[in-house]
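Enquirer: There's a structure below that I have some questions on.
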Amino acid sequence: MVDGWAPGIKAEGEERRVSRALCFVRMYAGDNAYAYPLTGLIPVVDLNTMEVIRIEDYGAKPLPPMDASFKFENSDDLEPRSDLKPIDITQPEGPSFETDGHFIKWQKWNIRFGYTAREGLVLHQVSYEDKGEERPVLYRAALSEMVVPYGETSPAHNWQNALDAGEYGIGQLANSLTLGCDCLGEVRYFNAVMADGKGDVHTIPNAICLHEEDDGTAWKKTDWRTDEGEERRSRRLVLSFFATVLNYDYGFYWYFYTDGRIEQEVKLTGILNVGALEEGEKPKYGTEVAPRINGPIYQHFFNFRLDMNVDGQKNSVVELNTVAEKEGSDNPNKNAFHPVTTTFKKEKDRAQHGS
């Protein structure tokens, strides 16, 4: 099995579209090939001519010893859980949201959404109804880039650095979702339609999921003297998709709450990028996640561009910090601290402040 990667820091020149590949061994149909990395052999391929330029040989390491299939039918060590009873999510009166094409109306939210091959889900013209007035909140929001640098120094791995949106296209790698695990309850699915690399129409069925979720307690107050209290329940609208980039799987979730909040959550799952270890080798730049399997150290940086439009275009970003005060006549017990706000009028102001 071969996973084609972008060339990372080892580019071959601007005139070529090059992929550097990681190789794995699949022992049988349906096997988890990531359990058997063929570390040390790297084919370098010209994607325009589809020719192998060369195969870099850094000394192949022995295959790790352990089978690591994650399918029940292929493993004697895996069994479905039998100690949990079913949970049914039902809405007898149907969902609270309404849709018209790619327009969603839910509670006080009005949301338009689109989809691109690079970004995946894109939010447009999000507004909130406040006492009959539709107030703009967000003009556009989407994943800008996803940066994954690796810290392994061996020549078999030291070139790895993934820009998953720009180099691979998160949107075009989306899964077709299924009811029961990807989404629960009263679900509405949408197809993702885009152009492929040749300009033809590419459709991913059921790539986008829309549903509601209970979100626990939104607010609660009890009068301890009378034992009387009030509580408000929270609910959220979820708009999501899942993408598979080689060994990794990423779930992107936009949440809209009944209290006016918007959140973005990325769920990371799948399998680590791995390499083989020699017998007795202890990795410095990774973790031995299974016998003679190294999970190289890496980081994920998810960058989202938010074009805010809160009651119009004149918006500013304000950073709030808590500052402890020095001992003095106004702070004799040295317990004082107070909030300090900083307004960033331009993007470069935040960059300079952050450095």
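For all residues, glycine too, the Cβ spot is worked out from N, Cα and C.
Bear in mind that TrEMBL entries carry predicted annotations, made automatically and left uncurated.
This is the feature table in TrEMBL:
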type: DOMAIN; residues: 11-59; note: domain 'Copper amine oxidase N3-terminal'
type: DOMAIN; residues: 88-350; note: domain 'Copper amine oxidase catalytic'
type: ACT_SITE; residues: Asp164; note: active site, proton acceptor
type: ACT_SITE; residues: Tyr248; note: active site, schiff-base intermediate with substrate
type: MOD_RES; residues: Tyr248; note: 2',4',5'-topaquinone
type: REGION; residues: 326-355; note: region 'Disordered'
type: COMPBIAS; residues: 344-355; note: compositional bias 'Basic and acidic residues'
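Give me the lay of the land around each of these features.
Expert: Cβ neighbours within 10 Å of Asp164 (active site, proton acceptor), excluding its own Cβ and spanning all shown chains: 23.
Under the DSSP three-state reduction, Tyr248 (active site, schiff-base intermediate with substrate) is assigned to strand. Under a cutoff of 8 A between CB atoms, and with a sequence separation of 6+ in the same chain, the neighbours of Tyr248 (active site, schiff-base intermediate with substrate) are Leu268, Thr269, Gly270, Ile271, Leu272, Asn273.
Mapped onto DSSP helix, strand and coil, the region 'Disordered' (326-355) counts 8 helix, 10 strand, 12 coil.
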Enquirer: What mean pLDDT does the predicted model reach across the domain 'Copper amine oxidase N3-terminal' (11-59)?
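Expert: The average pLDDT of the model in the domain 'Copper amine oxidase N3-terminal' (11-59) works out to 91.
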Enquirer: DSSP on Asp164 (active site, proton acceptor), three-state: which is it?
Expert: helix
